[in-house]
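Below you'll find the structure, written out as structure tokens, and then a few comments.
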Amino acid sequence: MKLKIRTGFGYDVHQLQEGLDFWLGGIKIPHTHGALGHSDADVLIHVICDALLGAANMRDIGYHFSDRDPQYKGIDSKILLKEVMHLLSREGYEIGNIDSTICLQEPKVNPHIPAMKKCLAEVMGIPEHDISIKATTTEHLGFVGKKEGVAAFATVLIVKQ
Ligand SMILES: [Zn+2]
């Protein structure tokens, strides 16, 4: 039988505001500011969800979990990611690998990456080795550099046996 390999891409941005919890990659990052959103505004999980849905040609995160639906207000994005995994496995897809980049001026993301990988691997039920998380600043340029927001990108490969 032919092996079917598909690729997907995700991009997302959230505003940063003082005094909010900062959820990133499924964990809470200690910081003065946090991301603003209808859910917990976890930008890394959102791009992974969008990349997975895109790879399966199943629309995007906003289509499945509307930001106008009160049941998703403040929701833990890990629940959304689990649901996306269910949608994909129902179609017979397994994850090949995930590669992602978080764009944030501060705080430093690198020290938190091992904990994020561990958390996401548990939620998705895949090996940590299949999840790559990278971080970059934008050298003080643009909305990321001015600490007004956080952005992220992800690509994924999914495989149908
Ligand atoms: Zn988002």
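Any Cβ shown, glycine's included, is placed from N, Cα and C.
Where the annotation comes from TrEMBL, it is an automatic prediction and has not been curated.
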Given that TrEMBL annotates Asp12, His14 as binding divalent metal cation, state which candidate in His31, His33, His38, His46 belongs to that site as well. His46
Counting across all protein chains, other CB atoms within 10 angstroms of the CB of His38 (4-CDP-2-C-methyl-D-erythritol 2-phosphate binding site) number 16
Just to be sure I understand the packing, how many Cβ atoms besides its own are within 10 Å of the Cβ of Ile61 (4-CDP-2-C-methyl-D-erythritol 2-phosphate binding site)? 26
What's the CA-CA gap between His14 (divalent metal cation binding site) and Asp69 (4-CDP-2-C-methyl-D-erythritol 2-phosphate binding site) in angstrom, rounded? 18
Can you count the other CB atoms that lie within 10 A of the CB of His14 (divalent metal cation binding site)? 22
Same chain only, sequence gap of 6 or more: which residues have a CB within under 8 Å of the CB of Thr138 (4-CDP-2-C-methyl-D-erythritol 2-phosphate binding site)? Cys103, Gln105, Val144, Gly145
Compute the mean position of the Cβ atoms of Asp12, His14, His46, which form the recorded divalent metal cation site, and then list in sequence order the other residues of that chain whose Cβ is within 8 Å of it. Val13, Ala35, Gly37, Ala41, Asp42, Val43, Leu44, Val47, Val150, Ala151, Ala152
